[in-house]
């Protein structure tokens, strides 16, 4: 499953980002910039370490982790979280915990596109990406 997600992906659509960012407590000005962002995501592996790099005009973010192991992360929204990523048959599932809140980010392939569903409380933001490159993404 992780092999299929490796590569570089560009955002082609986003649904419900305003409500999602508001639920996260992100301010109005940052939400406005966030709505304009069309991020590019690169997923790569080096042995058992997975790296996800997200780049946009608004912010860049990079996380590296091993499946099932907790790690600290500072989100693009500025939250310091305890995060854990697991893999099931269909999805890469990331759970972020901070200040008594929990966010779940699910990455999966649907018809050759990467669909990322981010959920906080009952608010879901869905962003769809298309693959632009699968070159030079694995160092293992």
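Just so it is clear, glycine is given a Cβ too, placed from its N, Cα and C backbone atoms.
Per Swiss-Prot, the features are as follows:
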BINDING   107, 127, 128, 129  fatty acid binding site
* **Residues close to fatty acid site centre defined by 107, 127, 128, 129, Cβ within 8 Å** => 9, 11, 41, 113, 114, 115, 116, 126
* Asked: Near residue 129 (fatty acid binding site), which residues of its own chain have a C-beta under 8 A away, given they sit six or more steps off in sequence?
  -> 9, 10, 11, 12, 41, 113, 114, 115, 116
* **Cβ neighbour count within 10 Å of residue 127 (fatty acid binding site)** => 24
* Asked: Long-range same-chain neighbours of residue 107 (fatty acid binding site), Cβ under 8 Å, sequence gap at least 6?
  -> 5, 91, 92, 93, 94, 114, 115, 116
* Structure fact -> Taking every pair from 107, 127, 128, 129 (the record's fatty acid binders), the biggest C-alpha distance in Å rounds to 10
